[in-house]
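The active site, nucleophile annotation in TrEMBL covers Asp213. Feature annotation from TrEMBL assigns active site, proton donor to Glu250. The feature substrate binding site is assigned by TrEMBL to 211-216, 275-279, 343-348. The feature domain 'Glycosyl hydrolase family 13 catalytic' is assigned by TrEMBL to 67-411. The site 'Transition state stabilizer' feature in TrEMBL is assigned to Asp344.
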Amino acid sequence: MGAHGGGGRAGHGLRVRAGRRPAAARSALGAPAVRPHAHSRTVDHAVFPWTDAAWRGTPLPGAVLYELHVGTFSPEGTFDGVIERLPHLAALGVDAIELMPVAEFSGRRGWGYDGVSLYAPHHAYGGPDGMKRLVDACHAHGLGVVVDVVYNHLGPSGNYLPEFGPYFTGRHTTNWGDGVNFDGPGSGEVRAFVIDNALMWLRDYHCDGLRLDAVHAIADHSAAHVLERLAEEVAELAAHVRRPLFLIAESDLNDPRFVRSRESGGYGLDAAWADEWHHALHAALTGERDGYYMDFGPLGLLAKALRQAWVYDGTWSPHRGRAHGRSPAGLSGHRFVVCAQNHDQVGNRARGERSGALMSEGRLRVAAALLLTAPFTPMLFQGEEWGASTPFQYFTDHEDPELGRAVSAGRRREFAAFGWEPGQVPDPQDAATFERSRLDWGEPGEEPHARLLAWHRELIALRRRLPVLTDGRLDRVRADCDEAAGLVSVERGPVLVAANLGDGTRVVPARGRARLLAASDPGITLSGDDLTLPPDTVAILEG
C-alpha cells in the first residue's frame, strides 16, 4: 500500500504519523514504482514547482463537469496526454474535469475502481508528478479538477491493508466482500486513513473536489458518519486554502440526507449523482425498457426528472418491487449532478455502446439541450460533445489468470437482466477491449461530429450568458409533456425549451417568447406565437 501521511499504517511495517491539519506542508505518501506489489517511496510535496497560486477555485453551483478516463482520453493514456487536449476542453466551455479513479491498481489498464494504494497516483498514468502537472495545467486553462475516489472497497489484487490492522470487517458486507471498518473496534485509525487520503488529493495535489464512489455501500453506524466527518474536514481545509472545495456523492438511494447540511441532520456533502435523470432521458429517447429502464419511458416521468432530478421520491418502483427514495423538496438543483452519458451508463452496457449508436443525431441534440439548460449540475462524458463513435467498454489487466477469468465470467452473468447474450460481452482482460475504448481525436474535425461539437459549444455558451439557466431554484421550473404528441417543454423564467420527440412535425405555442435563441435543426421556425418543430428537434426561446 505504501507509506502515507495520515494516522494509518504504512507498508512493510513502517508507521508514519503526520498532522491532518490543513497547514501541514509535507507528508509521506505512497507511490509504488511499478505496481502495488512493489516497494513504495515517499513523496515530498513541497518540491513541486506549482504555478497556480492565483487559482481561486471552481464553485460547483453553475458549473459544467466533464468526466474522463485518463487511460483512454488520449493516445498517450497519461496525465500529460490529457494536458495536450486541455485547449479543446477550454474551448468547449466546461468548468471542471472529473477524473475516473487514479489511485494505484494492479496492472496497467482498468477503470480504476479496483484501486489498492490509495495514496499513489497510478504509475502508468504518470505518477505523483504527472498528476500535479495535470492539475497545474488545468488551473492555467481555467479548469477545476475533481477526482473520483473509492472508499467502499479496495481491489482484489494488491490489497495489503488487512496485514496491518482491522481495515475490513465481516459485520458489513458489500458486492466486493467484507466492508470497510468505519464503525467497529479499531475504526478510528481506518477513518483517519480514509479522511487523510481525501484531504491529500485536495491539499497536496491542489484538486478542487472529490466524487465519492457508491456511498450507499459505505456502512457506518457511528453517531457521526464518516461522510459527515469528511465534510467537516474538507470545509476546514477550504477555509484554510481560501477557495471552494466540494464533495460529490454517488448514491442510488435517492436520499436527501447525503446533501442536506449537517445542521439539518444531513451529512453536508455538496452534491450527488442523480442517475434517474439519465434513466428517464435515455428510456424516452431510445425506447429501452430492460433492467432498471423498466421504471422509465413515459414522457411524464421525463418531465418529473426535468423538474426535480429524482423520479422515485417515495413512489413505487416496479423494478425494485417496492417504494423507493424520498422527496428532494427544498434542495437546490445544484445539488444534483445529471448526465446523458457517463462511464457507468455507457461502459456497463454489454458492448459499451455510446448514445450515438442508439439514437439519431437529432435525438443526441435534444439530449444535449435538455442537459445543458437544466437547473442542475450537468456533466458530459469524454467524447460525448462530438458524438464519439468509439465505445467505452469494461477493461481490466489482472495479473492473476484465475482472477482475470473470474472477472470475465462474472461480467457475462451480469447482463442477463438486460437481455444481452453472453457472447456480446467483450473480454475485459483482452487488451483489444481497452484499445477499442480510446477516443478518436480525428473525429471532432469530421462530420457529423463537428456539427454536434458546435452544438454543445453553443449550448454551454448560452448557459454562461443567461443567468436563469444556472439558477438552481427548482420551484421556478415548470416541465410539461404531451405524451400522445411526443412533446416535452421546460419553462425557466423567460426561457422556454421545447422538444419534439414525436413522429411528425408539430406546431406548438411559443407562450409569448419572441426570440429564437438556439435551434437544433434549420427546419425550426418561429412565426408569431407559433413554433414549428420537425421530428427529433429542440428549440430554445426567450421572451
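In case you wondered, yes, glycine gets a Cβ from its N, Cα and C as well.
Locations of recorded TrEMBL features on the structure.
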residue	record	Cβ contacts under 8 Å, 6 or more apart
Arg211	substrate binding site	Glu98, Val146, Val147, Asp148, Val149, Ile248, Ala249, Glu250, Trp273
Asp213	active site, nucleophile	Pro101, Tyr113, Asp148, Val149, Val150, Tyr151, Asn152, Glu250
Ala214	substrate binding site	Val150, Asn152, Glu250, Ser251
Asp275	substrate binding site	Asp252, Asp344, Gln345
His278	substrate binding site	Val338, Cys339, Ala340, Gln341, Asn342, Gln345
Gly347	substrate binding site	Trp111, Phe392, Gln393, Tyr394
**Complete:** Counting Cβ atoms within 10 Å of each Cβ, the densest environment among the recorded positions Glu250, Asp344 belongs to Glu250
**Request:** Within the domain 'Glycosyl hydrolase family 13 catalytic' (67-411) only, compute the mean pLDDT.
**Result:** 96
**Local backbone state of Arg211 (substrate binding site), from DSSP in three classes** = strand
